[in-house]
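Undergrad: Below: one structure in structure tokens.
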Amino acid sequence: MDKLVDNFLSGQSRTMSEDLLSASSPQLCYENLNGSCIRSPYSPGPRLILYAVFGFGAVLAVCGNLLVMTSILHFRQLHSPANFLVASLACADFLVGLTVMPFSTVRSVEGCWYFGDTYCKFHSCFEGSFCYSSIFHLCFISVDRYIAVSDPLIYPTRFTASVSGKCITFSWLLSIIYSFSLLYTGANEAGLEDLVSALTCVGGCQIAVNQSWVFINFLLFLVPTLVMMTVYSKIFLIAKQQAQNIEKMSKQTTRASESYKDRVAKRERKAAKTLGIAVAAFLLSWLPYFIDSIIDAFLGFITPTYVYEILVWIAYYNSAMNPLIYAFFYPWFRKAIKLIVTGKILRQNSSVTNLFPE
């Protein structure tokens, strides 16, 4: 344990500023308090850049996901079980931008935690809750897309509003109960008492997680990931087969006679493709962080602080990516944004506006 503590502390001493950017001599987070954490502040230039980059991510996550939620909840055309899942996912990303990223920005740039011990624990709970809630939502969305693509005509009777509500409830309750229970019972610190003692200082917010719980955390990420990869592989095969069938039929009939089933299948495949990109973005953003967590827990916290900070912020930035993906691939979302931004959403009967091209 002593070696593990030494390894961790030596890793923490190689701060992001010392590795990447020149910084002034170390200072204390609280100059007039005994037991204050040490900080190595950035010079003004890099400090301003980091605040701009991290702050932009937080603003984009809040505003972008607020637009997604407003669009889906306001416009009646978007009131579907699948879209309610998307809105709930946007809510998780919105809360990351509101309750996690702004405070992490200050911690990452200043090297200190100025928001109290109570919110330090809440901050960590929010971080875990919203991450797992996102991956559970994406897992259910992938299953929804599989049903829609494999049999689009009976899909409305299988994935109903009730089923969507149960998926949303499960995603939120399990994530919140797990994250808060783990951190508030102190189970994550079992066997790491010496490390926790070494980390404790005024102005710090380091949450230690032992090997057992790091492994469980990784499984909670890995299992839904494998489910999504399997489901989207099947969706890809079905979509490929449907495209081949449509191509064969097009040689025998004119495009004008395209069946209703084919049109529905084409629309569902496009939706599956867009949401598949969102899933891929989530996995690419969070997988490096979880792999690093496993490596750190079993090799004595060897990751330099600047590497950890980079991985954390790549993961955080995922919360800002989905609105950009929707805006790029969904014409209806671009139209909804225009109506919201211009204030036309406040007009009477705006909720029945047609968002889909003829």
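Each position is counted from 1, following the chain as shown.
Glycine too: its Cβ is placed from the backbone N, Cα and C atoms.
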Undergrad: Looking at Swiss-Prot, is Q241 on the same side of the membrane as P44?
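TA: They are annotated on opposite sides of the bilayer.
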Undergrad: Could you tell me which of C37, C63 is bonded to C201 by a disulfide, according to Swiss-Prot?
TA: C37
Undergrad: If you check Swiss-Prot, which of C63, C205 bonds to C120 via a disulphide?
TA: C205
Undergrad: Just to be sure I understand the packing, how many Cβ atoms besides its own are within 10 Å of the Cβ of N210 (N-linked glycosylation site)?
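TA: Taking every protein chain into account, the count is 15.
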Undergrad: Spatially speaking, which of the recorded positions N34, C120, N210 is closest to C201 (disulfide bond)? Use C-alpha to C-alpha, please.
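TA: Sorting the recorded positions by distance from C201 (disulfide bond), the top entry is N34.
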Undergrad: I'd like the Cβ neighbour count for C201 (disulfide bond), meaning other Cβ atoms within 10 Å of its Cβ, all protein chains included.
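TA: The answer is 18 other Cβ atoms.
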Undergrad: Given the model, what does the mean pLDDT over the topological domain 'Cytoplasmic' (144-166) come out as?
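TA: Mean pLDDT across the topological domain 'Cytoplasmic' (144-166) comes out at 90.
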Undergrad: Counting Cβ pairs under 8 Å to the transmembrane segment (167-187), which of 48-68, 84-104, 275-295, 310-333 comes out on top?
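TA: Result: 84-104.
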Undergrad: Please name the residue among the disulfide-bonded residues C120, C205 whose C-beta has the most neighbouring C-beta atoms within 10 angstroms.
TA: C205
Undergrad: Which sequence-distant residues neighbour the transmembrane segment (310-333)? Criterion: at least 6 residues beyond either end, Cβ under 8 Å.
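TA: For the transmembrane segment (310-333), the sequence-distant neighbours (Cβ-Cβ under 8 Å, at least 6 residues beyond its ends) are 54, 57, 60-61, 64-65, 67-68, 71, 77-78, 89-90, 92-94, 96-97, 100-101, 104, 108, 130-131, 134, 270, 273-274, 277-278, 281-282, 285-286, 288-289, 292, 355-357.
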